[in-house]
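Chemist: Handing you this structure, nothing more for now.
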Ligand SMILES: NC(=O)C1=CN([C@@H]2O[C@H](COP(=O)(O)OP(=O)(O)OC[C@H]3O[C@@H](n4cnc5c(N)ncnc54)[C@H](O)[C@@H]3O)[C@@H](O)[C@H]2O)C=CC1
Ligand SMILES: O=C(CO)COP(=O)(O)O
């Protein structure tokens, strides 16, 4: 039995896909949303147009949802630490699979490190890679990385579905940093396109951004192969080139000088700040990520950030 905690776009989409294999419980903290989803068999607020099969039990009862042995956590990253701390008793002994992409601002930890610290008696895994909730919800083919330090063969089989192909890895650090860091670069790609700098500039930013992702991840113990895979390169390509991405759209609005929609989950903003801090403390060169953090809180204009990046000393690739 599998439960998904968090009925946002991604949690709902994963529940739909997993329900191809058997019963799934989808938990929401919002009783009103639970009633609406039960009645309409749709998550109209977060994933409109995708229907919720009968194999999905929708509940606001967290105790009931936590009876499952395998629990997927699909919450915004900055809400995860408080949730884990509050419900550590319920979650201990379980296999916890984080589906979040980000770095906790307060601790600098990614999802698996956070789960290991706050629920040490649980087994921590992460599911990440190129996948828009809307695509998964429609049953379109998708490939993801499932990382778990103790190997994940049985879990890989449990979470793979006819449309969701999982590749396993033991490199949780690489997997979680790939997913977190690509969001920061996707904001940058959005800025480039919103400001009208063109496709060539976006390709340059993606490539140099990927170099920064590797530099930080390897310094923290990741395997470079993980960054070259679905969790890093794959997701970077998806989010930097699609206006389905909320991080890309956020950057686009920044670049175009448009109003920002504050109600949308844009993980890359907090992650950019966490990364800028890590880069500074670790002496790691990450000029693009640092500029994006500055752009996100208006410490710099797009013109200033562009000039600063283009006028850096010339160097070898
Ligand atoms: N939407 C997508 O295409 C994908 C999202 N993700 C990741 O999944 C995570 C969640 O994103 P989405 O589902 O898209 O966000 P969303 O904005 O659609 O939904 C977030 C959900 O979390 C719930 N929530 C917030 N705080 C909570 C708390 N303290 N306790 C319980 N529930 C809480 C909200 O009520 C909402 O239902 C993010 O880290 C995101 O990067 C990963 C891959 C794809
Ligand atoms: O992580 C995602 C796709 O893999 C979703 O990206 P956004 O959060 O930018 O929409």
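Cβ coordinates are placed from backbone N, Cα and C, and glycine is handled just like the others.
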Chemist: For the sn-glycerol 3-phosphate site that TrEMBL assigns to 101, 129, 131, 235, 245, 246, 247, which of the candidates 45, 92, 182 is also assigned?
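Modeler: Candidate listed by TrEMBL for the same site: 182.
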Chemist: For residue 235 (sn-glycerol 3-phosphate binding site) and residue 182 (active site, proton acceptor), what Cα-Cα distance in Å is obtained after rounding to a whole number?
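Modeler: Residue 182 (active site, proton acceptor) has its Cα 7 Å from the Cα of residue 235 (sn-glycerol 3-phosphate binding site).
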Chemist: In the predicted model, what is the mean pLDDT computed over the domain 'Glycerol-3-phosphate dehydrogenase NAD-dependent C-terminal' (171-305)?
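Modeler: Across the domain 'Glycerol-3-phosphate dehydrogenase NAD-dependent C-terminal' (171-305), the average pLDDT comes out at 97.
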Chemist: Under a three-state reading of DSSP, tell me whether residue 10 (NADPH binding site) is helix, strand or coil.
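Modeler: Assignment for residue 10 (NADPH binding site) reads helix.
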Chemist: Compare all C-alpha positions of 101, 129, 131, 182, 235, 245, 246, 247, the record's sn-glycerol 3-phosphate binders, and send over the largest distance in angstrom.
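Modeler: Looking at 101, 129, 131, 182, 235, 245, 246, 247 as a set, their Cα atoms extend up to 15 Å apart.
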Chemist: Cα-Cα, whole number of Å: residue 245 (sn-glycerol 3-phosphate binding site) versus residue 133 (NADPH binding site)?
Modeler: 10
Chemist: List, in sequence order, the same-chain residues at least six positions removed whose CB sits under 8 Å from that of residue 29 (NADPH binding site)?
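Modeler: Expected: 60, 62.
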